[in-house]
Amino acid sequence: MDLLDEPVPGVGTYEDFNTIDWVREKSKDRDRHREIATKSKESTLALMKSISDAFSGWLLMLLVGLMAGALAGGIDISAHWMTDLKEGVCLNGFWFNHEHCCWNSNETTFQERDKCPNWKSWAELIVGTNDGPFAYIMNYLMYVCWALLFSFLAVSLVRAFAPYACGSGIPEIKTILSGFIIRGYLGKWTLMIKTITLVLAVSSGLSLGKEGPLVHVACCCGNILCHLFTKYRRNEAKRRETLWRSFFAALVAAFTLRSINPFGNSRLVLFYVEFHSPWHLLELIPFILLGIFGGIWGAFFIRANIAWCRRRKTTRLGHYPVLEVLVVTAVTALLAFPNSYTRMSTSELISELFNDCGLLDSSQLCNYANVSVTKISSDALPDRPAGPDVYTAMWQLSLALVFKMLITVVTFGMKVPSGLFIPSMAVGAIAGRLLGVGMEQLAYYHHDWVIFRGWCSPGADCITPGLYAMVGAAACLGGVTRMTVSLVVIMFELTGGLEYIVPLMAATMTSKWVADALGREGIYEAHIRLNGYPFLESKEEFSHKTLAMDVMRPRRSDPPLSVITQDGMSVEEVESLIAETSYSGFPVVVSHESQRLVGFVQRRDLVISIENARKRQEGVVSASRIFFTEYTPPQPPNSPPPLKLRGIMDLSPFTVTDHTAMDIVVDIFRKLGLRQCLVTHNGRLLGIITKKDILKHMAQMANRDPDSILFN
């Protein structure tokens, strides 16, 4: 009896913390597609099923886009409201944030558009006034209390219901997309808790962003919705390939977000800016300086953050995640409140730093001294001398820069959802704005210098500090993440014009070169290595002259390779082999003597098939023989019925010879997504190389601890 004439539940699936077999999954999908195409010619119903199968991918992307866009809009609106809740409440409706509350007021003046009778600070509500030291202390106290409450709820919900909801999620998503299984990481509980706690964590005022965790949220949406469609539910590789269709999902998500309008400006981007003055070629020098700063900051941040996270994993600090979050929140809130640029949300800070000062701006950064000019354009103001408020803002921004650089190191990686895009951009935007104002004042007072002569005349709008802030933000984000092309595209979307692509490209490339010179890994790759995930980085070169025989197992001092013969083992012998070893699969050979390779069988498939046979096939006992051959030879009289398990065997496992160069083997694993590769010599099986073996070998060659690779 061949048990695999009908599918056995569980066969072909994977255990937790294992790598999928891309080749097998692709083969399964081709077989499924071939069967559907053949049946579609037989009847109209089968044809309709074929059309439905082809359309299901687009329908899935539509649903993913709608769900991800709706969640992103809801998260942004909620975070904005809860951030403002730390400072006060709207009397017209507690659900209004500060901005929306004042929109509805008829008594708001343009000069003081942030002040309206409908919005009350906590001091006004509790002590009746917003002036004086007691009112300041009351507002300070309420700000800290709300921050502690939000962060406590966030870390408690993560610990109690979804431990995988912490962090940014991008290192794990990269590992999962490469073929690794982490059960529950993209599940419904993770989605629900991450959505709620992301709002709480951002609202607490911690130095973190929501963009990275939103990637995790969107991937959860995709994984959950995949279970509605059979071809995605049953195929791990199919779930991970969506490159072209993801464009359609992004379109739907953008349309959904535009309909919700969470930013209140009818724009799709958070920091939409519009600069009115062109940049000059000589400004590339300060732009490149910002790139150097971004690269140095990125390398420093990665080293410091990884050192702190390693300390968290290896000391008692990691045993008290709630206390750590509360202490960091308390320190952040206590130090942030006195400085208006750290008290406001990081998104609001970046928006203000990107802003190009106009006539109607009442920001402290735009409070320049009044000078008489013959003509003032409605679009651009001439460079003017900085007023006292601008100098005050520079000191506050300098303190904010140091604060953000240090506090982000200990915040990223705590047991709450935490993104890195916004904090990194904030550091760069502050540095850029400081440099931009400095260049602006230099051009105003020394326009006759050689570097300004010919393009910066008195009364002209020469320098745009907001542009420097944007370039600095791109440089720091590039230094931390090592993104290049995608980062320039993202920043280009923020400006809405091609004119500033060159400054962004110059700063981003300089940042990457400087950061790579100080350390090859980006922050996400560093966290992948810290956590021991089996991820083969495509950018990492393997230049060592080692051979497959140097890496394969078993080594010379190891016991022989555990194999299964194609027709000579009993159920009891196979079950003993499974119990005595922890390998994920076994090569199948002709016999122990010849070691001629026949195929490869996965441990999980073998266990499930034997258990299923004991339940469904009458007479199967421990003495029953297991056959992986095409035909079962005649059995002696009175012998128990045999098991035919050829259907679960991979008949074409990938093999290399023992003298294959390891750089070729590494390329094969990267490009084919293999989980293991068998090593032969003249057709005779010698050993096996797994993805984990390759990662351990690469770590050893790079003088790192090979035992840091934790998972199969």
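Counting begins at 1 with the first residue displayed.
Yeah, the Cβs are placed from backbone N, Cα and C, and that goes for glycine too.
Straight from TrEMBL, the features:
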type: DOMAIN; residues: 552-616; note: domain 'CBS'
type: DOMAIN; residues: 649-706; note: domain 'CBS'
type: TRANSMEM; residues: 55-75; note: transmembrane segment
type: TRANSMEM; residues: 140-165; note: transmembrane segment
type: TRANSMEM; residues: 242-264; note: transmembrane segment
type: TRANSMEM; residues: 284-306; note: transmembrane segment
type: TRANSMEM; residues: 318-337; note: transmembrane segment
type: TRANSMEM; residues: 393-413; note: transmembrane segment
type: TRANSMEM; residues: 420-439; note: transmembrane segment
type: TRANSMEM; residues: 467-492; note: transmembrane segment
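Tertiary proximity for the transmembrane segment (318-337) is limited to same-chain residues at least six positions away from its ends with a CB under 8 Å from its CB atoms, namely 139-140, 143-144, 147-148, 151-152, 154-156, 159, 204-207, 312, 343, 403, 407, 410-411, 414-416. Confidence annotation: the domain 'CBS' (552-616) carries a mean pLDDT of 91 in the model. The stretch in 55-75, 242-264, 420-439 that contributes the largest number of Cβ pairs under 8 Å to the transmembrane segment (284-306) is 420-439. Remote same-chain residues near the transmembrane segment (420-439) are listed as 168, 207-212, 283, 286, 289-290, 293-294, 297-298, 301, 341, 346-347, 349-350, 353-354, 365, 386, 390, 394, 397-398, 400-401, 404-405, 408, 411-412, 463-477, 479-481, 523 (criterion: CB distance under 8 Å, separation of at least six residues from the stretch ends). For the transmembrane segment (55-75), the list of distant contacts is 195, 198-199, 210, 214, 217-218, 221-222, 225-226, 228-229, 231-232, 242, 245-246, 248-257, 260-262: same-chain residues at least six beyond its ends, Cβ to Cβ under 8 Å. Mapped onto DSSP helix, strand and coil, the domain 'CBS' (649-706) counts 23 helix, 19 strand, 16 coil.
In terms of DSSP helix, strand and coil, the domain 'CBS' (552-616) has 24 helix, 17 strand, 24 coil.
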